[in-house]
Amino acid sequence: MFRAAAPGQLRRAASLLRFQSTLVIAEHANDSLAPITLNTITAATRLGGEVSCLVAGTKCDKVAQDLCKVAGIAKVLVAQHDVYKGLLPEELTPLILATQKQFNYTHICAGASAFGKNLLPRVAAKLEVAPISDIIAIKSPDTFVRTIYAGNALCTVKCDEKVKVFSVRGTSFDAAATSGGSASSEKASSTSPVEISEWLDQKLTKSDRPELTGAKVVVSGGRGLKSGENFKLLYDLADQLHAAVGASRAAVDAGFVPNDMQVGQTGKIVAPELYIAVGISGAIQHLAGMKDSKTIVAINKDPEAPIFQVADYGIVADLFKVVPEMTEILKKK
């Protein structure tokens, strides 16, 4: 039996929706916006109400201008100061709190990247609310879905906090359109520098390959490769596929590759069109980071390897024979 909502209930629901407002904290590198921010904006629009974006940095005019064109954003707030170099959470938190106080946002969110995971717990603590991490769906303005038990179960969380603070899994939401928007831009609230931490420098690994979390094709290697030198087999294959290269935690812990290549529950979450797992057994922690891939190909000489349970295609063979053969075939095409 269906029961119609009373007119009064509908009016109250509509009134609540009008008062919803969300602040998205933009992650960027001054001259370019991190792709996960566009996914976070899409999630924010699902909440209803007005969506604003806060951009803090040293020379972030270009990012602010780009955000004004993104569909779904009503306002872009810009804060430029030397203390925001490196986007340190100690400096960003007072800025976010001042912005929230000025506009009375009901929701504050960022992508579930290293940036968001570092920043939002501090913001939530200062607001005296409990944060919700790594959401994959939004059911209503106060109800969210996230994974638990390494992705083997879904947990629906109802949040009654005065301000909802949450991080968004980028692979669970489409990227917002980068055109069609007409947001206004204005200066954000000014705050005094905290200066308890200082940004010194960062050294980034340069690569001509796509960034791991945004690549359409990912080739990942595990302990089965036996050494870091053997990862060259994957690099050669990836070059033919214009793919990013990842690794399991076992390969990272063994010192084969740096930890920024790790895919899994404690690494990066990816959902490419094609994921090729080479010499990876398929531990539950690794599956949590890649099982949303559209097509999964597994190469392993052990037919009982758990990776085959989630793979769309499996090759039971010696990777040291199969991978070079695949590379040679692709070179001829």
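Positions of Cβ are set from backbone N, Cα and C atoms, glycine also.
Neighbours of Val263 (FAD binding site), defined as other CB atoms within 10 A of its CB across all chains, total 31. Under the heading FAD binding site, Swiss-Prot lists Arg223, Ser248, 263-266, 281-286, Asn300, 318-319.
Here Swiss-Prot flags Lys59 (among others) as N6-succinyllysine, drawing on similarity to another entry. Long-range Cβ proximity for Lys59 (N6-succinyllysine), meaning a same-chain Cβ under 8 A and a gap of 6 or more residues, is found for Asn30, Asp31, Gln80. Taken residue by residue with DSSP, Lys59 (N6-succinyllysine) is part of neither helix nor strand, so it is coil.
The annotation N6-acetyllysine is assigned in Swiss-Prot to Lys62 (among others) on the grounds of similarity to another entry.
When other Cβ atoms within 10 Å of the Cβ of Lys75 (N6-acetyllysine) are tallied across all protein chains shown, the result is 18. Marked as N6-acetyllysine by Swiss-Prot: Lys75 (among others).
Under the DSSP three-state reduction, Lys85 (N6-acetyllysine) is assigned to coil, being neither helix nor strand. In this view, Lys85 (N6-acetyllysine) is surrounded by 16 other Cβ atoms within 10 Å of its Cβ, with every protein chain counted. The feature N6-acetyllysine is assigned by Swiss-Prot to Lys85 (among others), with similarity to another entry given as support.
Residues or ranges marked as phosphothreonine in Swiss-Prot: Thr93. For Thr93 (phosphothreonine), the same-chain residues lying six or more positions away in sequence with a CB closer than 8 A to its CB are Leu119, Arg122, Val123, Lys126.
Positions annotated as phosphoserine by Swiss-Prot: Ser140. Listed in sequence order, the same-chain residues six or more apart from Ser140 (phosphoserine) with CB atoms under 8 A from its CB number zero; the list is none. DSSP assigns Ser140 (phosphoserine) to a strand segment in the three-state reduction.
Just so you know, the Cβ of Lys158 (N6-succinyllysine) picks up 9 other Cβ atoms within 10 Å once every protein chain is counted. Taken from Swiss-Prot, the feature N6-succinyllysine applies to Lys158 (among others).
Among the features that Swiss-Prot reports, N6-acetyllysine is placed at Lys158 (among others), with the record citing similarity to another entry.
Per Swiss-Prot, the feature N6-succinyllysine maps to Lys187 (among others). Around the Cβ of Lys187 (N6-succinyllysine), the same chain contributes Leu77, Val78, Ala79, each under 8 angstroms and 6 or more positions distant in sequence. According to DSSP, Lys187 (N6-succinyllysine) sits within a strand segment.
In sequence order, Pro210, His242, Ala243, Pro272, Glu273, Leu274 constitute the residues six or more apart from Lys216 (N6-succinyllysine) in its chain with CB-CB distances below 8 Å. The feature N6-succinyllysine is assigned by Swiss-Prot to Lys216 (among others), with similarity to another entry given as support.
Residues or ranges marked as N6-succinyllysine in Swiss-Prot (evidence: similarity to another entry): Lys226 (among others). A sphere of 10 angstroms centred on the C-beta of Lys226 (N6-succinyllysine) encloses 16 other C-beta atoms. A coil conformation is recorded for Lys226 (N6-succinyllysine) in the three-state DSSP classification, outside any helix or strand.
In the structure as shown, the Cβ atom of Lys232 (N6-acetyllysine) sits within 10 Å of 11 other Cβ atoms. Per Swiss-Prot, N6-acetyllysine is recorded for Lys232 (among others).
If you look up Swiss-Prot, you'll see 20-204 marked as region 'Domain I', on the strength of experimental evidence.
According to Swiss-Prot, the feature region 'Domain II' maps to 205-333, an assignment based on experimental evidence. Per-residue pLDDT, averaged over the region 'Domain II' (205-333), rounds to 95.
The feature transit peptide is assigned by Swiss-Prot to 1-19, with a large-scale study or a structure entry given as support.
When Cβ atoms from all protein chains are considered, those within 10 Å of Lys62 (N6-acetyllysine) total 13, not counting its own. By neighbour count, meaning other C-beta atoms within 10 Å, the densest spot among the binding-site residues Ala283, Leu319 is Leu319. The two recorded residues Lys158 (N6-succinyllysine) and Gln285 (FAD binding site) have their Cα atoms spaced 26 Å from each other. Counting Cβ atoms from all protein chains shown, Gln285 (FAD binding site) has 18 others lying within 10 Å of its own Cβ. Within the same chain, the residues at least 6 positions away from Arg223 (FAD binding site) whose Cβ sits under 8 Å from its Cβ are Ser248, Ala250, Ala251, Ala254, Phe256, Gly279, Ile280, Ser281, listed in sequence order.
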